[in-house]
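Novice: Feature table excerpt (Swiss-Prot):
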- Gln87, Gly105, Glu106, Gly107, Lys108, Thr109, Asp513: ATP binding site (BINDING)
- Cys892, Cys894, Cys903, His904: Zn(2+) binding site (BINDING)
- 836-853: compositional bias 'Basic and acidic residues' (COMPBIAS)
- 854-863: compositional bias 'Low complexity' (COMPBIAS)
- 834-908: region 'Disordered' (REGION)
Amino acid sequence: MITKLLTKVIGSRNDRTLRRLRKIVKEINNYEPTFEALSDEELKAKTVEFRERLEQGETLDKLLPEAFATVREASKRVYGMRHFDVQLIGGMVLNAGQIAEMRTGEGKTLTATLPAYLNALPGKGVHVVTVNDYLAKRDAETNRPLFEFLGMTVGVNVPNMPPQAKKEAYQADILYGTNNEFGFDYLRDNMAFRNEDRVQRERFFAVVDEVDSILIDEARTPLIISGPAEDSSELYTRINLLIPHLQKQDKEDSEEYRGDGHYTVDEKSKQVHLTETGQEYVEELLVKNGLMEEGDTLYSPANISLLHHVNAALRAHVLFERNVDYIVNDDGEVVIVDEHTGRTMPGRRWSEGLHQAVEAKEGVKIQNENQTLASITFQNYFRLYEKLSGMTGTADTEAFEFQSIYGLETVVIPTNKPMIRNDMPDVVYRTEAEKFAAIIEDIKERVAKGQPTLVGTVSIEKSELLSNALKKAKIKHNVLNAKFHEKEAEIVAEAGMPGAVTIATNMAGRGTDIVLGGSWQAKVESLQDPTKEQIDAIKAEWKKVHDQVLDAGGLHIIGTERHESRRIDNQLRGRSGRQGDAGSSRFYLSMEDSLLRIFTSDRMASLIQSGMEEGEAIESKMLSRSIEKAQRKVEGRNFDIRKQLLEYDDVANDQRKVVYELRDELMNVDDISDMIEQNREDVLTAIIDEYIPPQSLEDMWDVEGLQERLKADFDLDAPIKQWLEEDDKLYEEALREKIISLAVEVYKAKEEVVGAQVLRNFEKSVMLQTLDTLWKEHLAAMDHLRQGIHLRGYAQKNPKQEYKRESFELFEGLLEALKTDVITVLSRVRVQQQEEVERMEEQRRAQAEEAARRAQAQHAAAENQLADGEESEGSNQPVVRDERKVGRNEPCPCGSGKKYKQCHGQIN
C-alpha cells in the first residue's frame, strides 16, 4: 500500500529515468536549428570533429547531445525521416548499456543508429546483433547510406563468408550480424594458430536486437564447434527397431506401486525414464539381438554406451515430433525447428546422440556423432562485451532476469502515439475441434468486413491443421512457417491487405512490420527504375487501401493457444496496433491445449468442463488469472533452469578464460623458450621425485626405474648409476640439478643444429596443438561429469559444489598434462641432416608413386572384370599376397603419414 502511494507521488523508477532523459532530449532539440543550417560537408565534418574531441579527453556522454542531433539531421537528409523524441530516449537508454522496451512499429532499427554512431567514434567497432541473416543484411543495407554519409564504414557478418571478407567486415565501424555468427567467430578465433587467421577485434559495444529472444530464449543453447567422432550409425539403427516394442506407463513407480509399462514421460520437464519393468524388458531385447551378454545389466560401466543409445532412441520416439520439433527436408535431412521462433535451423544438430536417433527413427542417412572442440553459451559470450545493450518489444516481463544475470536494467519507452488496440479476453472451449470451429467463424466475419487477420500457432503441425480447415471452408490464406520462410518478406508485405488471412508460427515475421494496406515499398521495388509519378500513384493507392483497412478495424490477431511465456503472447499481440493504428486481438483456447492440460489444476479443469456444453465457450476473469498463473509458473521454472545452467557454465567459463588467455599469450609472443624451460624443470622435478623421494635414504631410490623412464618419455640417456659411483657425495638436490642440466644441454644441441628461430616456431606450434587437444578432451570429460553430477544428491552431497570441486581437479590435470605432453614431444623430436631428410622424402615419394600405381592397376583390373561380365578361367584361384598385410591402423606404406584405413586402405 505504502509502495503504491510512494509510486503515485514520486513516480516509478521508469518514470524517473524518463524524466531525466527528457531533459537531454530538449538539449538535442535545441541543436536542431543550428545543424539544419549546416551544409552537407559541414555536417559530415562533425564525425572528424567528435573524434578529435574524444582524443582530447572529452567523454562519449558529453558528446551525446551533439552526436544524436547530427544523426537525426543526417537521417532527415538521407531518408527524409526525423527521429521522434521517444527514439532519442531509446537511443540514450541503449547508450547507457540498458534494455529499451519499444513497441512494434516504433522504429527500433532507426533508434539503433544513434548509439551505434556515438559508440563507433572511438574506433573500437560496434556490433549490432540480429536474430537471422535476412535481418542483418536488411538492416545493414537500410542504414548504410546514413552511416556512409557521416563517414562511417558498415559491415555485415553472416555465415559462409570467405575469411578475408570476414576480417574486413570486423574492421568496419558498425558491423551487423547474427548472434550465432559472432559467437562462432569468437570460438574459431580461439582455435586459430596464427594471429592473421583471427577475425574479431575487441568486444566494445553491442546492441542486441530482439534481446529477449537471444539472451533468454536461446540462453540454454550452447554454441558448439565440433569435429566427427567415431561412427556408430549401425547401433542407432538396431536400437531404433527395439523402441516400438515399449509401452508407456502413466504413473511413476513407487514403493506401493509398480506398473507393467516400460517408460514414463514427464511432460513438464520434457524427460522420459525407463521403469524397472522397462529396464528388464530392454535388457532382454538387447540380449536377444546380440547387443548385450546374457546376465549383464544395462547400467554396468561396460554398457554405458548402450544405455546412452537406448535413452537417445526413447527420447527421439516419445518426445520429438515431426513437423513440431523438426522437419525432414527434400534432401532427407533432419532439420531442427526452433521452439521459440518456429524457424528451421539448418546446420544445427542436437547433441548426445539425439540427432542420430531421430535420423534412425525417420529412416534417413545417419550422420556421424560429433565431439565438442569448443563451446560457449550466449550468456557468457555477450558478457564479454565492455558495454551491452538491447532492444525488444517485450522485455518488461523478464526485467528481473535481465537484471540478475546480465546486470541490464529495462526501461519501457513510451509510444510515439497512444496505443488503441482492443485486447479482448480469452475464450476457452472444451476440445480443440470446437476451438478451431470458432476460429474459422471469427476469420469468416473478419474477411467479410475486409479486415486483415494474423493467426498465430505454436507449431508447424498446428499451422498446417488450421490451413487445411481454412481450405475446406474455401478461405484464401497464406501460411508463414519454417517450411516456407524463404517467402517470409513477401507474405508479410501482403498480410495487411483488406481481408488477408495469414497463419504464422511463433516467427510471425519478427523484425518485419505488418503495414496496414500492404507494403507500398514492395510494389515500388518490383518496378524497374520507377518514375516519381509512378511512386506517387502507388502511394496514393496505398493510402486509400490503408484507410479502408483502418475503417474495418485494423489488423486482427488470433492466438490459437497460449504459449509457455506471456512474453511470446505479447509479441503476437504486438503485431497489431503499431504507431497508434486501430487493431484487436483475442486468444482461443481449449482444455486440450498443452499449457492448460499440464499446468492448470484438475479442480479448475473439472469445474470448467462440468458446466460446458459442446461448442460453448467460457470467458472469465478467474480463468484468465489461472492461465496467467500457469504461465508465471512455467516462466519461473525456465528461469531457474537458465540460472542453474549459467552457474554450471560459469565454472567452465572461468576455465575457458584461462585457456583462451594462455592461447592469446602464445599467439602474441614469438619466443616462449622461458616458458618451455620452466615447464621442463617442473616436469622433470615431478618425475625425479617419484623415483627419488625428497629427503629420503639412498636405499629408497629407484635409480634404474628413473633411467628407464627418462629414456622412454624424454629420450634422455642419463648415466645416473655412473654418476653415483663416481661421486658418493651426490645427494638428491644436486642429482636433480645434474639431470635437468643434461636435458637442457641435449636440447641446446638440437637448437644449434636447426637454428633458434626454427625451434622457437616449433615450440609454439607444439604448445598450441597440445593445448587444443587437451582442451577438447577436457570438454568431453566436463560433459560426462555434468550429466551424472545430479546423482550426488542421493549421497547427501551438494551436486553444484561437487561439480566445482571435480571440474577444478580435472582442470588442474589438464594444466599438468599440458606441461608433460609438450616437454615429451620437444624432447623426443629428432633432428636430421638436410641430406637425410631429402633421401627420406625421395623414398616416401617413390613409395607413394608405387602405391598409387598399384591401386590404379587394381582399379583397372576390377573395371575390366566388371566390363567382361563373366569370370575368367582362373578367377576362382586364391589370390596369394606376396607382401605382409598392412593393418588398418598402421601407417600407410605410401609414406603420407596417415593411417592405412584413411589413405590407400580406402581404395582397397
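Quick reminder: no glycine exception, Cβ is built from N, Cα and C everywhere.
The shown structure was predicted, so the numbers you read here are calculated from the model rather than taken from an experiment.
Give me the local environment of each listed feature.
Specialist: Take the CB of Gln87 (ATP binding site) and look out to 10 A: across all protein chains shown you find 27 other CB atoms.
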Novice: Would you identify the secondary structure of Gln87 (ATP binding site) according to DSSP, in three states?
Specialist: helix
Novice: Which residues does Asp513 (ATP binding site) neighbour through Cβ under 8 Å, counting only same-chain ones at least six apart?
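Specialist: Same-chain residues close to Asp513 (ATP binding site) (Cβ under 8 Å, separated by 6 or more) are Thr104, Gly105, Val492, Arg578.
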Novice: Considering the binding-site residues Gly105, Gly107, which residue's Cβ sits among the greatest number of other Cβ atoms within 10 Å?
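Specialist: Answer returned by the neighbour count: Gly105.
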Novice: Within 8 Å of the Cβ centroid of the ATP site residues Gln87, Gly105, Glu106, Gly107, Lys108, Thr109, Asp513, which other residues of the same chain have their Cβ?
Specialist: Met102, Thr104, Leu110, Thr111
Novice: Please find, for Gln87, Gly105, Glu106, Gly107, Lys108, Thr109, Asp513 as listed binding ATP, the greatest distance between any two Cα atoms, in Å.
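Specialist: Value for the max Cα separation, rounded to a whole number: 17 Å.
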